[in-house]
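J.: One structure follows; several queries about it will come next.
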Amino acid sequence: MQVSVKLGGHGPIQPTHPHHFGFINLTDKQRVEWNSRTVSTFHALLVGLFCLYILFFDDPVNEDPVWGDPTLVKTNVAITTGYLISDLLLIFYYWNAIGDKFFVVHHLAALYAYYYVLGEGMLPYFANFRLLAEFSTPCVNQRWFFEVLGYPRSSPPNMANGVAMAVMFFLVRIAVIPVYYGRMYTVYGTEAFYLVPWGGRVAWIGSSASVGRARSTIMAEVWEWCDHWRFVCESSAFSNMSVDFSRNATESPEACKAEVQGNIPHWLQGTLLRNGPGIFSLGETSYEHWFDGMALMTSFSFKDGEVTHRSRFLRSDTYKANMSANRIVVSEMGTMAYPDPRKNFIFKAITFLNHTVPDFTDNGASNFIKYGNEYFATSETNYIRKIDPVTLETQDKVDYLKYLPVNLASSHPHYDNEGNTYNMGTCIAEKGKTKYVVFKVPAHPDKDAVKKAEVVCTVPCRSLLTPSYYHSFGMTENYFIFIEQPFKLDILKMATAYMRGVNWASCLKFCPDENTLIHLIDRKTGKEIETKYYTGTMVVYHHVNAFEEDGHVVFDVIAYKDNSLYNMFYLSKLKQNPGFQDDAYVKPNYKRFVLPVKSDKDVAIGEDMVSLKYTTASAVKEKDGKLMCQAEVLCEGFELPRINYNNNGKNLRYVYGSIVDDSAVSKRIGKFDTETKTMVYWSEDNSFPSEPVFIPRPNGESEDDGVVLVSVTNYEPGHSCFLAVLDGITLKEVARANVKGQLYRDVHGFYIPKTD
């Protein structure tokens with residue numbers, strides 16, 4: 001299933017309580033748009049009511065639609081003309097906030113047409129009839145007001161407005177079309193028609209086309225609401241499905257040929273690896289959090305239009321210890337492992353000491369990393385496990401600490417064109433200092449590339465014992481972007497968690513009153529640039545992309561207003577919400593930040609240093625010289641972003657990801673156009689699609705020329721799980737590979753192209 005809709009251009013900042021977030025707390029650009037939409041609503045109601053009066057009671061105009069007495073129509077058109085002129089001036093003056101070239105064309109075309117009404121007194125019926133469409137404007141504006149006030153789309157006010165918007169749009173912009181064009185047909189070819197000069201006829205037809213463009217824009221918003229409501233209804237059906245996220249997986253280590261429907265492109269030759277939790281209970285013990293489950297690796301190998309599938313559990317030390325004891329004996333972030341009550345005191349004492357200065361798990365259930373020519377299963381600890389990407393057999397265990405000062409490490413590295421890998425880790429309390437470390441693993445054709453790792457730069461932590469948690473970072477040609485967010489690991493609490501009977505995840509501290517620091521690091525010098533950037537409170541897991549343009553560094557992230565996402569994946573929570581609907585869920589915003597790199601020597605306090613015209617993001621200089629950065633919200637409810645990585649670090653247009661409008665568990669994927677702010681969707685009934693992975697076609701003609709690979713889990717009895725191959729341009733299904741056996745929910749994927 002595939003749908004395309006237009007998304008709102010200026011997204012909201014989501015408050016905890018909508019009534020706590022009024023006009024006074026909006027950004028300057030949001031206030032400009034608020035005022036503009038308020039005037040627009042007042043104008044629409046005024047001229048719309050006047051229009052109705054004329055249609056019902058102005059007999060001269062109704063009897064002669066081309067040359068009837070235009071006195072009342074001129075008054076109504078004059079009001080609209082004044083509004084359009086003032087609105088044009090505001091659009092040009094506040095272009096960064098409300099600028100839209102299509103509305104400029106619309107206004108100019110309407111003014112050109114209104115000249116013939118006001119100056120020549122012609123076409124009064126048709127000019128007035130067009131104003132009937134204004135009745136749909138208040139609902140469109142109200143939708144935006146609800147968004148910036150933080151009302152969920154499923155809230156009663158939003159749903160009521162959505163119904164009103166759909167009904168009103170149909171009545172005044174669709175149902176009236178036969179009446180309007182029927183009246184045009186009755187006067188075509190008459191004497192009155194031929195008295196209209198060519199300029200008037202052009203205005204007549206041109207204004208119709210221009211208003212039609214505005215109609216399509218608003219219709220897209222109506223369609224988005226309708227599609228959202230349709231999907232809410234479909235999502236409720238999931239509550240009737242038997243979906244058990246705590247069910248243990250079964251591995252299929254032998255390669256098995258999948259049944260292919262459709263045609264897989266001949267150029268697609270390689271292997272897609274996917275990683276995620278697979279075992280959730282052992283003996284009498286169970287993991288508490290979905291992310292804690294023991295890793296299950298899955299592969300889909302493509303060769304000459306055929307697909308083979310296999311899966312294996314990661315044979316980590318954690319896996320071996322748990323299996324040997326037939327219980328969970330190695331602690332994970334959300335599950336603290338306690339010894340068998342039947343064990344003696346000495347064994348319990350050793351377990352206690354191990355948790356005071358913890359030796360973390362090597363259960364790499366999050367992603368895969370390529371270092372040199374080797375591949376590793378990874379989570380976010382100091383341990384990674386080398387794997388064979390063909391057979392999925394587990395090989396060597398690697399400890400970062402032997403080669404780098406990092407106790408924790410990101411599972412989302414970056415790669416340059418030379419094959420070097422860049423990653424980040426946190427060094428905790430080494431010589432009395434806690435710092436963030438950016439390191440490089442060089443492209444090494446032989447084994448053991450990790451042993452050649454080197455520190456590129458370090459960033460001091462703003463707090464010794466509470467380093468920021470992070471899951472990814474950004475990289476451009478010349479800079480690293482690191483977000484030090486107010487979501488922190490409390491080291492002292494972690495050291496005492498075992499004795500207090502709590503898990504390590506409870507030691508993650510969210511500080512809503514603190515700002516978020518943005519560190520911009522020069523890749524050549526390894527030093528932070530002098531300018532200090534910060535923004536409001538947010539929690540970021542995934543960077544999307546970053547690039548440089550005209551003295552600015554632009555970077556996109558998926559941002560949440562708090563840390564509640566992690567709690568959504570406790571298995572007890574998933575069992576309580578079989579339909580995955582949770583009132584506490586707050587969907588993320590796709591945010592674009594812009595960091596000016598140019599000197600601020602001659603910049604006044606309070607001045608916005610962002611000079612890029614295509615974004616509403618700002619960076620305002622403050623008294624202490626810091627820049628307060630406000631993001632542009634490109635869209636909402638979008639996660640697990642993937643791009644054409646050949647364009648990483650460039651100003652790309654398309655992003656693929658999971659749609660998480662109403663739940664943290666995605667049931668469809670989308671392709672987002674960052675220029676037009678439109679989204680194309682794909683979904684399959686009663687199924688859960690994984691994070692989409694884009695594979696570019698060799699020598700492709702466009703950025704999105706390629707395919708999108710999606711592992712699709714179906715829990716309905718009698719229905720196969722499959723790998724979907726989607727067209728990267730249209731997001732329509734090209735082929736699917738039905739697998740024998742079951743696929744399982746996972747986290748991230750990594751594609752390895754076949755090399756000659």
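From the backbone N, Cα and C atoms, a Cβ is placed for every residue, glycine too.
Taken from TrEMBL, the feature Fe cation binding site covers His412, His471, His542, His748. If you look up TrEMBL, you'll see 29-217 marked as domain 'TLC'. What TrEMBL records for 39-57, 77-95, 102-118 is transmembrane segment.
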J.: May I ask for the residues of the chain that lie six or more residues beyond the transmembrane segment (39-57) and have a Cβ under 8 Å from a Cβ within it?
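T.: Same-chain residues near the transmembrane segment (39-57) but 6 or more away: 72-73, 75-76, 79-80, 83, 87, 128-129, 131-132, 134-135, 137-138, 141-142.
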J.: When a 10 Å sphere is centred on the Cβ of His471 (Fe cation binding site), how many other Cβ atoms does it contain?
T.: 17
J.: If you average the pLDDT over the domain 'TLC' (29-217), what number do you get?
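T.: Reported value for the domain 'TLC' (29-217) is a mean pLDDT of 80.
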J.: Using the CB centroid of His412, His471, His542, His748 as the Fe cation site centre, which other residues of the same chain sit with their CB within 8 A?
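T.: Here the nearby residues are Ser366, Asn367, Ser410, Ser411, Ser472, Tyr541, His543, Leu640.
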J.: Near His748 (Fe cation binding site), which residues of its chain come within a Cβ-Cβ distance under 8 Å, counting only those 6 or more away in sequence?
T.: Arg274, Asn275, Gly276, Ser366, Asn367, Phe368, Ser411, Leu640, Glu691
